[in-house]
Amino acid sequence: MESLRLAVAHRPPLPVPAPGHLRRRLLVHHLPAPLSLPDSSLSLSSPQHHRLTPIPRRRLLLPLLASQSPDSNPEPESAGAKIVPLVISIAVGLAVRFLAPRPAEVSLQAWQLLSIFLSTIAGLVLGPLPVGAWAFLGLTAAVATHTLPFTAAFSAFTNEVIWLIVISFFFARGFVKTGLGDRIATYFVKWLGSSTLGLSYGLTISEACIAPAMPSTTARAGGVFLPIIKSLSLSAESKPNHPSSRKLGSYLVMTQFQAAGNSSALFLTAAAQNLLCLKLAEELGVIITNPWVSWFKAASLPAIVSLLATPYLLYKIFPPETKDTPDAPALAAEKLKRMGPVTKNEWVMIGTMILAVSLWVFGDAIGVSSVVAAMLGLSILLLLGVLEWDDCLNEKSAWDTLAWFAVLVGMAAQLTNLGIVSWMSSCVAKLLQSFSLSWPAAFCVLEASYFLIHYLFASQTGHVGALYSAFLAMHVAAGVPRALSALALAFNTNLFGALTHYSSGQAAVYFGAGYLELPDVFRVGFVTALVNTLIWGAVGSIWWKFLGLY
């Protein structure tokens, strides 16, 4: 009897039964597998259904009782902000606002906005919250402290360049959805893929061809080229996260990763950060006339030389074990056969992109701005059913970019209006004069600093939003020609996208494929970046002199 009392005393309490409607819902949700019909051919009209084995009441109650246990299936708790990055980010702003001495020529409003801006930038680097959420908190702080009026704080949300970037994400989705990007890349594999080096050149050139009409390096990586590379690698028995990865996959992934920055630098509309750079330059009074053509002219020669050099360079410093790929053209031809003829949606996508790129090139002459050209292209895709509105709504990266990008552009514009940028420029000019640097020497020092600082950033657009305006102001203060300063910094922004496994969106895509080792990414990334810098510096300086940029 004593043992019975002990057993009862230590038995866990039975849960309170749920209300009837909840019991029914939970019971249906947790019905065990034996209630299923054992044979797909069995129907309820069959006499056999009357012989279904009844399930004991105890077995039916077990899932119900388990579902009411406080430890089972707990609701996922929101992670919230990361405490240490949050404290550091806020401390940066508070230290500038209350501890750093405010210069006499800077107003209190400007100094307060600078502290909020620096706190926002610190949060973008440290990541206490997602980028869009943290930018919204910075915007809220500016409005709540009466540093900026509501209309001024949100003024950048009507910026044309920002909406051009948003629409560019939708174009990239159209390329992936229709399969057009995949088809173009597969044709290049068919034409050039008989050797590993030729295969790499085919993939690199195909990305350069579709880049101006697919303005997202990350989308090109994840939606077009990585699937093709993985398919080719697996067909050659080169597997991810396996010693065989060095046979083919590692080389193709690394080459595409390192060459992507040159494809993005070649065209203004090849990457979102390019448009952001020119917008920030415009805020500082550096206006590039006929921007699409001017950008392409300045970037064309150094970018093409780097594109052609990158596959061969990696073939030497990061060689594949498999040198020949005789089956690749046949595989590509077979894939094209399975894809069938070009579909109606692909033809619409081709025509729309030709129209959009033509208007980006010649639009200034006929009074059509770049964003209007993009809007016309998106309208055509929506009207003809190539894209659905849900496709646009589901493009989360576009709306996230709109949110945080507009916040940074708006704050940067207000800092310029309040005199912070001119004050910083004068300080930098005095510092550079103290070292007696000529403008070419100052140009090299500032470009190298801007490049190497990217080891601290996990986003190219985040880097631009944080530092582009400041470095452009330093260039101008040092006497570097204004157009050259704006374009060179913008080109530089694309070249550091392959420094590390976290340096850009495409870096995460390619590294996550499982074909690259972390030490190789850092080693090859640094060497390739150094070679690209030398090519752009040597070829670019001669070319830009010929174009009259300095």
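Our numbering is plain: 1 for the first residue shown, then up by one each step along the chain.
A Cβ is built for glycine as well, from the same backbone N, Cα and C atoms used for every other residue.
No curator has checked TrEMBL annotations; they are predicted automatically.
Not measured: the values here are computed from a predicted model.
Over in TrEMBL, the protein carries these features:
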type     : residues : note
TRANSMEM : 79-99    : transmembrane segment
TRANSMEM : 111-136  : transmembrane segment
TRANSMEM : 148-172  : transmembrane segment
TRANSMEM : 292-315  : transmembrane segment
TRANSMEM : 345-362  : transmembrane segment
TRANSMEM : 368-389  : transmembrane segment
TRANSMEM : 401-425  : transmembrane segment
TRANSMEM : 437-458  : transmembrane segment
TRANSMEM : 470-491  : transmembrane segment
TRANSMEM : 521-544  : transmembrane segment
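Among the listed stretches 79-99, 111-136, 148-172, 345-362, 470-491, the one sharing the most Cβ pairs under 8 Å with the transmembrane segment (368-389) is 345-362. The recorded stretches the transmembrane segment (292-315) and the transmembrane segment (470-491) share 3+ CB pairs below 8 A when only pairs 6 or more apart in sequence are counted, and are therefore in contact.
Among the listed stretches 79-99, 111-136, 148-172, 437-458, 470-491, the one sharing the most Cβ pairs under 8 Å with the transmembrane segment (401-425) is 148-172. If one looks beyond the transmembrane segment (148-172) by at least 6 residues along the same chain, the residues whose Cβ comes under 8 Å of a Cβ in the stretch are 113, 139, 142, 213-216, 219-220, 223, 269, 272, 275-276, 278-279, 353, 356, 369-371, 374-375, 377-378, 381, 387, 391-392, 395, 397-399, 401-402, 405-407, 409-410, 413-414. With a threshold of 8 Å between CB atoms, the same-chain residues lying at least 6 positions outside the transmembrane segment (470-491) that come near it are 265, 273-274, 277-278, 280-281, 284-286, 288, 294-295, 298-299, 302-303, 421-422, 424-426, 428-429, 432, 437, 439, 442-443, 446-447, 449-450, 536, 540, 544, 549-550. Taking Cβ pairs closer than 8 Å, the transmembrane segment (79-99) reaches residues 111-112, 114-116, 118-120, 122-123, 126-129, 134 in its own chain, all 6 or more past its ends.
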